[in-house]
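First the structure, in the form of structure tokens, and then the observations on it.
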Amino acid sequence: MPILDLVRDLFPMPRSITGAGLRRTLERIRRDIPLEIREVPSGTRVLDWEIPREWNIREGLIETLDGRTIVDFSASSLHVMSYSSPIDRIVSREELAAHVHTLPEQPDLIPYRKSYFGNDWAFCLPHTTWLAMHDEAYRVKIDSDFSLGALSYGELLIPGTESKEFVFSTHCCHPSLANDNLSGIAVATALAHTLLSRRSRLSYRFLFIPATFGSLAWLAQNESVLPKVQHGLVLSCVGDPGHFHYKRSRRGAASIDRAVARVLAERSGPFTILPFRPDGCDERQYCSPAYNLPFGCFMRSPNGTFSEYHTSADNLDFIQADALEESLATILDVVNLLEADVTYVRRDGRGEPHLGRHGLYRALTGQEGAGDTMQLAVQWVLNLADGHHTLLDMVEYSGLPYRQLMAAAKAAREVGLITVTD
Amino acid sequence: MPILDLVRDLFPMPRSITGAGLRRTLERIRRDIPLEIREVPSGTRVLDWEIPREWNIREGLIETLDGRTIVDFSASSLHVMSYSSPIDRIVSREELAAHVHTLPEQPDLIPYRKSYFGNDWAFCLPHTTWLAMHDEAYRVKIDSDFSLGALSYGELLIPGTESKEFVFSTHCCHPSLANDNLSGIAVATALAHTLLSRRSRLSYRFLFIPATFGSLAWLAQNESVLPKVQHGLVLSCVGDPGHFHYKRSRRGAASIDRAVARVLAERSGPFTILPFRPDGCDERQYCSPAYNLPFGCFMRSPNGTFSEYHTSADNLDFIQADALEESLATILDVVNLLEADVTYVRRDGRGEPHLGRHGLYRALTGQEGAGDTMQLAVQWVLNLADGHHTLLDMVEYSGLPYRQLMAAAKAAREVGLITVTD
Amino acid sequence: MPILDLVRDLFPMPRSITGAGLRRTLERIRRDIPLEIREVPSGTRVLDWEIPREWNIREGLIETLDGRTIVDFSASSLHVMSYSSPIDRIVSREELAAHVHTLPEQPDLIPYRKSYFGNDWAFCLPHTTWLAMHDEAYRVKIDSDFSLGALSYGELLIPGTESKEFVFSTHCCHPSLANDNLSGIAVATALAHTLLSRRSRLSYRFLFIPATFGSLAWLAQNESVLPKVQHGLVLSCVGDPGHFHYKRSRRGAASIDRAVARVLAERSGPFTILPFRPDGCDERQYCSPAYNLPFGCFMRSPNGTFSEYHTSADNLDFIQADALEESLATILDVVNLLEADVTYVRRDGRGEPHLGRHGLYRALTGQEGAGDTMQLAVQWVLNLADGHHTLLDMVEYSGLPYRQLMAAAKAAREVGLITVTD
């Protein structure tokens with residue numbers, strides 16, 4: 001199941017933080033993984049916020065008075081500002097100018113705009129289009145409505161042998177923008193698909209949510225779940241050709257921060273670790289002071305740093321299948337490392353075990369020296385297995401590749417030299 | 001009230017660690033601020049020390065036997081070593097040589113010398129003067145006396161809304177030396193004058209003290225005050241044209257250390273942060289092991305690092321009005337930052353507040369991106385207000401200008417999103 | 001008593017982890033220092049290991065069928081692999097090839113090989129010798145035997161005024177190899193000789209042990225001693241011309257780690273501090289997780305990093321008297337520093353003491369400034385003597401030479417300004 005298939009199917013749907021386009025998006029994801037779709041009614045108080053009325057739109061047009069269509073929402077869901085109020089009348093060019101968003105420095109692109117709290121309407125169009133509009137008046141029509149509906153989001157819990165959770169969160173409220181964030185949706189879906197076919201230690205929770213409102217709603221309604229959350233990742237913009245960026249959690253040195261940093265460091269190629277900041281994606285909510293959950297944000301090019309960001313150029317040509325696959329593989333490496341990140345203790349920690357007797361060493365040693373680093377990895381595991389070091393601690397202390405220490409710990413555990421402790 | 005006025009008035013007074021010149025100095029300061037002048041009687045035991053007898057001097061002369069005056073204390077209070085015993089007789093040039101201090105490498109300057117514990121007399125004169133003295137004998141006269149008097153110092157407490165204190169200490173025992181330390185006296189006086197006209201959170205205490213003896217006496221007699229001391233600064237040599245130097249407290253990372261470092265870093269121009277050392281000015285006493293108070297030392301050019309130090313070249317031409325004013329302004333910045341350095345906590349720390357509803361955000365957001373850093377400062381304050389971070393913590397964690405975080409905290413507090421905790 | 005004398009006497013003895021050569025080695029050391037020789041019977045279980053049967057060898061020969069001797073153990077104890085089983089028969093060249101160790105890249109050298117757990121025999125010879133052996137068959141004879149004997153090791157405890165121990169451990173199981181580790185044996189013996197003639201605060205324990213088995217046996221049988229161990233050093237390869245290397249203990253910042261680092265930093269010349277790793281010498285056992293003793297490893301060139309390592313080139317020409325003497329002197333510096341590394345406290349820590357009154361200062365001070373660093377060292381000691389800082393803390397905090405701080409602490413203690421606390 002190529003990751004791009006899902007992106008292509010979702011691209012045209014007119015998403016916003018509520019409404020039919022969002023529901024269709026969640027339903028399409030549910031064809032790949034057994035998502036539960038939740039609805040939070042309009043008007044529900046979630047913390048300091050209130051779930052807005054549901055917004056639906058059927059049509060959005062600017063026409064000349066002689067009936068020529070200049071801008072049409074059906075051509076791009078970016079053409080109408082999200083949460084625009086309905087309108088259907090002739091307006092002067094001057095009045096229209098106050099309701100038009102363009103990008104003068106990227107004149108051929110349509111910008112993406114939203115305004116959830118105003119009572120406004122607006123069109124987004126290429127600056128070149130706007131420059132060519134010289135009539136005194138135009139007919140504008142937005143067939144939208146606000147209703148007491150609901151905010152929808154998708155949730156999937158894959159139970160592991162432990163109730164400790166690793167949560168993946170990805171926003172699904174943006175209209176026809178591919179990297180931001182159909183890429184995150186598609187990689188999360190593929191990851192869930194992979195984990196559904198495995199037996200895991202950790203439980204995995206996937207959240208497909210409208211930005212801000214979705215994470216706030218989930219947090220407010222799941223406070224009893226939060227103590228189980230051991231690791232969290234927000235996935236955003238993971239399909240572009242840029243190199244990996246990881247933004248640390250507010251805690252700064254949580255296991256998720258250390259695991260991602262290690263996996264990226266052991267891959268070839270550049271990457272950037274960013275400090276925590278209180279802006280960005282939904283980590284803003286997960287890392288708010290009273291929750292302070294260990295959520296980092298995994299990205300290729302960060303929001304706002306690429307010229308296609310929040311424009312019609314963030315389309316199916318911008319993202320790459322290779323980039324999506326590499327994002328998935330890298331996150332799976334993080335999953336595998338954190339699956340192994342338990343605390344080990346020697347059954348008897350006095351002295352070195354006689355490795356040969358346990359099948360972990362050669363009987364003959366001599367000038368050939370210290371052995372390869374796999375042998376050293378075994379020694380590190382046996383030395384640090386004191387009930388105070390997790391596998392990540394061992395990786396960082398020893399400086400050896402994490403895969404070697406994972407293999408060494410597995411071997412030492414199989415012959416009974418070490419056990420897992422809490 | 002120009003800061004230099006006080007320096008000019010004080011310059012000619014013949015100060016030492018006790019005596020009339022010191023009292024006149026304190027009385028002159030009292031014309032600007034309501035100083036209380038304290039007297040510690042000679043012979044009083046203060047910790048490991050004893051308050052010395054009071055020393056007063058009326059005249060100091062070297063004359064040729066035919067009555068020509070070569071050195072005259074009335075021309076410079078540096079000419080007689082502080083605490084010289086009286087003498088009035090004819091001495092051979094050879095005997096005189098053992099009682100003369102000069103600076104062969106700075107032959108035109110008079111050195112500054114003191115000897116509180118000997119029973120000695122000496123003159124300080126330019127090396128050129130000494131080289132021109134070829135007579136076989138001279139008449140020397142020092143009209144000084146030692147008496148059971150007192151050591152005087154000045155103290156001013158400006159109460160704030162909290163009893164926590166910020167203490168400023170400056171030595172006032174040196175004779176006609178401008179930078180060391182009339183500069184410190186004058187800046188401290190101007191600072192006190194400013195704080196007297198404000199309402200402050202912290203209480204401010206100013207100590208104008210003879211070096212070593214004064215701080216020891218104050219410490220020994222005020223041990224019940226010490227638990228209230230939150231911050232302390234010794235002011236020394238703050239009038240020369242050199243750049244700022246700050247010597248850290250013994251604690252090394254006290255709030256005063258962090259605040260001064262931050263204020264200096266955000267000013268333009270060079271500055272130097274020095275580690276704590278157990279020599280220097282009165283921080284030696286404040287930072288002695290059993291007290292270990294958070295006192296740093298704020299300077300322009302440190303003691304002993306400029307060629308004018310402890311010579312007659314440290315005069316009214318050496319110090320600059322601009323330098324004094326800049327020192328005052330910088331210390332006021334430190335005061336302002338520490339006034340705001342309280343611990344904040346969100347009323348409800350779950351999720352981000354809806355900034356627009358509280359008047360702290362725009363309703364419309366989009367591609368224009370993350371906003372200016374003032375908006376980010378608001379987000380930092382709201383994110384770190386968890387009851388564990390002070391304003392200084394927020395400044396250091398975020399890396400944003402402290403004034404922005406002060407403004408953001410003020411705004412967030414005014415709308416009731418955060419409160420101050422202990 | 002030149003250190004080299006002991007090395008020369010020990011060089012020819014055919015050592016292994018058990019047997020007559022090892023006992024003769026310990027007996028020779030006992031001529032210099034009053035070593036106790038302990039025996040651990042074959043078959044004794046020590047932790048995860050078992051003391052092997054004792055191995056003794058009288059003869060090892062490869063001869064041509066016409067009686068010409070090609071390889072003779074009596075010429076070098078390296079010629080027979082340690083723990084070779086006995087053999088006395090004619091073998092084909094092809095069969096012999098599987099029992100021959102050579103170093104093709106160092107064709108003139110004999111390698112050192114051991115195999116404690118196999119049931120094998122082998123000869124070690126120069127590759128050139130092997131290349132010249134073209135006969136179809138050879139007579140091979142190893143006159144060795146395995147018996148229920150014992151593993152021998154030497155131990156010496158030199159009591160100090162405190163029961164806290166500084167343990168030196170050095171392996172003594174290698175055959176005719178000079179740097180590895182007759183150098184360690186000889187330096188440890190000379191060090192013990194020096195300490196026997198002194199009165200010390202710490203108690204010193206010396207262990208001359210067969211590698212791995214010896215340290216495991218000592219640890220297993222002395223668990224009640226371990227809480228007294230404050231510092232430990234493994235001495236290995238301390239006679240070659242390379243610069244000093246120190247491998248940190250597993251704790252990483254134990255007093256021994258800090259003291260050695262400081263002593264090396266204050267000597268002239270290069271040195272290298274290595275992080276802990278779980279391979280190496282007997283620190284593997286001392287630093288195993290359940291013991292975690294503060295043992296570092298003191299070396300010149302580390303095991304395996306020099307081309308002579310575990311070959312016949314590690315002979316009496318390779319090591320140098322100067323290098324051995326410098327190793328001894330450096331370790332004595334470490335001993336002296338740790339002897340002084342106690343926690344000091346001022347009798348009265350309020351303010352500075354009046355140094356002149358205690359004979360620790362000049363009465364006259366002035367422009368000549370801060371004094372030399374010896375005076376500053378006194379101030380540092382008096383400032384940091386708060387019951388929380390040891391001498392090493394003072395050295396690291398002040399950055400002054402440790403000898404100055406040792407002298408300052410001694411002087412301050414003699415005049416009663418500071419005392420030692422626990």
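For all residues, glycine too, the Cβ spot is worked out from N, Cα and C.
In TrEMBL, annotation is done automatically, which means it is predicted and not curated.
Per TrEMBL, the features are as follows:
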DOMAIN    C:5-341  domain 'DUF4910'
DOMAIN    C:54-144  domain 'DUF2172'
BINDING   C:His174, C:Asp180, C:His310  Zn(2+) binding site
DOMAIN    C:343-419  domain 'UCP01524 winged helix-turn-helix'
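The number of other CB atoms found within 10 A of the CB of C:Asp180 (Zn(2+) binding site), across every protein chain shown, is 27.
Chain A lies within reach of C:His310, taking the binding-site residues C:His174, C:Asp180, C:His310 and requiring a CB-CB distance under 8 A. Spatially close to C:His174 (Zn(2+) binding site) yet at least six residues away along the chain are C:Arg15, C:Tyr112, C:Asp180, C:Asn181, C:Ala211, judged by Cβ distances under 8 angstroms. Of all Cβ atoms in the shown protein chains, 25 besides its own fall within 10 Å of the Cβ of C:His310 (Zn(2+) binding site). Note: the Zn(2+) site is recorded as C:His174, C:Asp180, C:His310; in the same chain, C:Tyr112, C:Leu177, C:Asn179, C:Asn181, C:Asn303, C:Tyr309, C:Asp314 also have Cβ atoms within 8 Å of that site's Cβ centroid. On the 0 to 100 pLDDT scale, the model's mean across the domain 'DUF2172' (C:54-144) is 96. For the recorded site, C:His174 (Zn(2+) binding site), the DSSP three-state label reads coil. When secondary structure is read from DSSP and collapsed to three states, C:His310 (Zn(2+) binding site) falls in the coil class.
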